[in-house]
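Here's the structure, in structure tokens; my notes come after.
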Amino acid sequence: MMEGLLWILLSVIIASVHGSRLKTPALPIQPEREPMISKGLSGCSFGGRFYSLEDTWHPDLGEPFGVMHCVMCHCEPQRSRRGKVFGKVSCRNMKQDCPDPTCDDPVLLPGHCCKTCPKGDSGRKEVESLFDFFQEKDDDLHKSYNDRSYISSEDTSTRDSTTTDFVALLTGVTDSWLPSSSGVARARFTLSRTSLTFSITFQRINRPSLIAFLDTDGNTAFEFRVPQADNDMICGIWKNVPKPHMRQLEAEQLHVSMTTADNRKEELQGRIIKHRALFAETFSAILTSDEVHSGMGGIAMLTLSDTENNLHFILIMQGLVPPGSSKVPVRVKLQYRQHLLREIRANITADDSDFAEVLADLNSRELFWLSRGQLQISVQTEGQTLRHISGFISGRRSCDTLQSVLSSGAALTAGQTGGVGSAVFTLHPNGSLDYQLLVAGLSSAVLSVSIEMKPRRRNKRSVLYELSAVFTDQRAAGSCGRVEARHTHMLLQNELFINIATALQPDGELRGQIRLLPYNGLDARRNELPVPLAGVLVSPPVRTGAAGHAWVSVDPQCHLHYEIIVNGLSKSEDASISAHLHGLAEIGEMDDSSTNHKRLLTGFYGQQAQGVLKDISVELLRHLNEGTAYLQVSTKMNPRGEIRGRIHVPNHCESPAPRAEFLEEPEFEDLLFTREPTELRKDTHTHVHSCFFEGEQHTHGSQWTPQYNTCFTCTCQKKTVICDPVMCPTLSCTHTVQPEDQCCPICEEKKESKETAAVEKVEENPEGCYFEGDQKMHAPGTTWHPFVPPFGYIKCAVCTCKGSTGEVHCEKVTCPPLTCSRPIRRNPSDCCKECPPEETPPLEDEEMMQADGTRLCKFGKNYYQNSEHWHPSVPLVGEMKCITCWCDHGVTKCQRKQCPLLSCRNPIRTEGKCCPECIEDFMEKEEMAKMAEKKKSWRH
């Protein structure tokens, strides 16, 4: 892997890495890596990682070389002859651009390329390092266990500061080879980090088959295949939007196109823009024309005033005014069944066809018709050429989910019952509101279910609608058919609540806010009800005021997608901790004894967490399929679970999810690396660096015996599994035997002596000795090399099990005397030196590959003799004197110089030295050197 990266860095130009995989490895070990990116995305592949266009990074050459901080790589966008955009990697050495330090004794800080002065900005640097530390911990919470996850804000608004909303009006393309269409579509987009979700509704056109995003040159940036359905709503997501396209999106330079696959081959297109009305919009309309192939259309975004019955609206129109026309008078009408209710006159132009106005003081009849979707808004031009578009106003439609988590802690009289309520709503264009409700852990029978406003007085309920909820098996469903326009507006602004009153709690035992959950690209929400999460479902039950629900699904690749919404999780007394780490979500089997299949999903704060879990064991997939799995959220107050729910996800996964194939350079397939012990320090977030191996999860730093071969010992080191074969000590006897239940042979004489002396050793410990290093039992009298993680087996020591006491006695190995003048250590892990073999004259390249003797090593373009040592050279960096490589019978091994652990917080690295040192020690040495220099000058 590392030499493959060296080869890539040498070539400097990469679009994708091709080659062959390593030859069949001796052990089934693979470190977890990032998933391969879709082939449809433009970018660069570098060392198994995908980078978007115009991304910059420091290349990581792996152990023991690490990150090249003085080398900057850039994914440059290129265009082929056919106009297709692809990525090309270029790397340059930045060390030549370093400014000259202003001090006499500059230092090189870890992770930096340029030297800096140790004094001056120390205070600011310390603050920045603290900020980086907390930012890193914050970022860790945003990472899912295997792949990815993000957390929503705790704010009650559905959109946080990291999201941006856009809108597009799509009309028939008049300059296309396809016939112009009379269809109109409205698309709403939300950009969150690097993902763009979209909700599209359309009229007067058959369901499209393809959605395409077009860049400034008219080239396709992304395509979305529309799934078949019998409705007029399209939901989709564009993941990993490249940075150039994100800039074009922010600059309102991207277009969106939709085409049908039927015989008519219609196409609609429009520009994606930002608009100030999107934030407050609660009603909308699509305006179409009765003409055939008109290419005209419009959309209306409307909202009610918070206190008065004023209807604010903005019209966006296309094709109504001929190009190049000056001011054109239009009439904007509000109608009910062809009866004119209101009319506004205005002038618009082809360049600025947007129109904004307020319809003041709507009466009760107009508000009633508005709530039923029966009000029609129309725009008509005046003059010789009359053009007309119109559409009905209804509650704003999108792919977002109206939902609510009901908890006892959110009730007007807060409690801790451990109960839960989970509600999902659907608002129809005619104003009716469907609901589905699940409950668990109620203390008594349900008296009423109601939709309410926020209490105007303390503990004084403000009931709007009583829902006729009849519960069957703790489920209820129904419809509220007369939702007023004002309440529809409040519903879409997250201002309404749902309340469940019981016999013992007549004012309400469970309560929750009805919130719009933004669409995230998963269809589980649109097709399934969430799983309730409650304290009463934890084993043993927990009396808590918290509750939650979750959507869980398994895709065709056997990856588990989850989304969790919680309400009222308990917080610890330490506000600083509870503000950052709110909960831990995990998934497992209903049988608490089956801890091997419990998986941590993510740590999160706020009210929402979502992500993807890969590499699921067959056993856990089977439990998901049979409905015997659970999802649990734990907190600091309840570390063994505060809320839990039983999940049932039917799937047809008969084997673990396949790993992504990664291609390696075939030229470097014999390279082996020895890990640097100083980089294997204990990590406080062990779940982030844990390993998945043979269907089981292992925490960072743990060791175990693998199932495929009990004569190996495996350890987990920062998401990488390292398995070492058991090292057997050298026996001094001539005849050995191999016991079936042991990995190492023993002396046959020792076995016979044991049998004859069995009567004398009646008090011998029958179980043997337990050694903490390899966590194994060793038979009485056996010897072995100790296993010390993360270093592996130590050849310089031999341990013996004292059978009479059960104690382990370890002593250093005595090395034999050598006759040669220049002995060598064949392997850094070997305890004793050996005499090197006699040197042979160098061979030609052809002979090197065909020699029958000891294999030589090829590193880059150079060949090295067995036992030969050298410092590797890296392109753009030069010789790396802190790393030593050696040839071990045809296998190249490299190791960085081992550095002592430092106790200071701010270590520095000086030029010419491989190990960092404390700045205090450095300054002290500098002062002593200066004093010595002064004394020298005094003597002269």
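Placement of Cβ uses the backbone N, Cα and C atoms for every residue, glycine included.
Under the heading domain 'VWFC 1', Swiss-Prot lists 42-118, citing sequence analysis as support.
Annotation source Swiss-Prot lists domain 'CHRD 1' at 162-277. Taking H, G and I as helix, E and B as strand and the rest as coil, DSSP gives the domain 'CHRD 1' (162-277) the counts 10 helix, 56 strand, 50 coil.
Look at Swiss-Prot and you will find 279-398 tagged as domain 'CHRD 2'.
Taken from Swiss-Prot, the feature domain 'CHRD 3' covers 404-519. Per DSSP, the domain 'CHRD 3' (404-519) is made up of 7 helix, 60 strand, 49 coil.
Marked as domain 'CHRD 4' by Swiss-Prot: 525-652. Over the domain 'CHRD 4' (525-652), the average per-residue pLDDT in this prediction is 81.
When DSSP labels each residue, the domain 'VWFC 2' (689-748) comes out as 1 helix, 24 strand, 35 coil, counted as helix, strand and coil in that order. Positions annotated as domain 'VWFC 2' by Swiss-Prot, on the basis of sequence analysis: 689-748.
The domain 'VWFC 3' annotation in Swiss-Prot covers 767-836.
Among the features that Swiss-Prot reports, domain 'VWFC 4' is placed at 855-919.
The N-linked glycosylation site feature in Swiss-Prot is assigned to N347 (among others); the stated evidence is sequence analysis. Other Cβ atoms within 10 Å of the Cβ of N347 (N-linked glycosylation site) number 11 in total over all chains.
Taken from Swiss-Prot, the feature N-linked glycosylation site applies to N430 (among others), supported by sequence analysis. For N430 (N-linked glycosylation site), the same-chain residues 6+ apart in sequence whose C-beta sits under 8 angstroms from its C-beta are R372, G373, S394.
The signal peptide annotation in Swiss-Prot covers 1-19.
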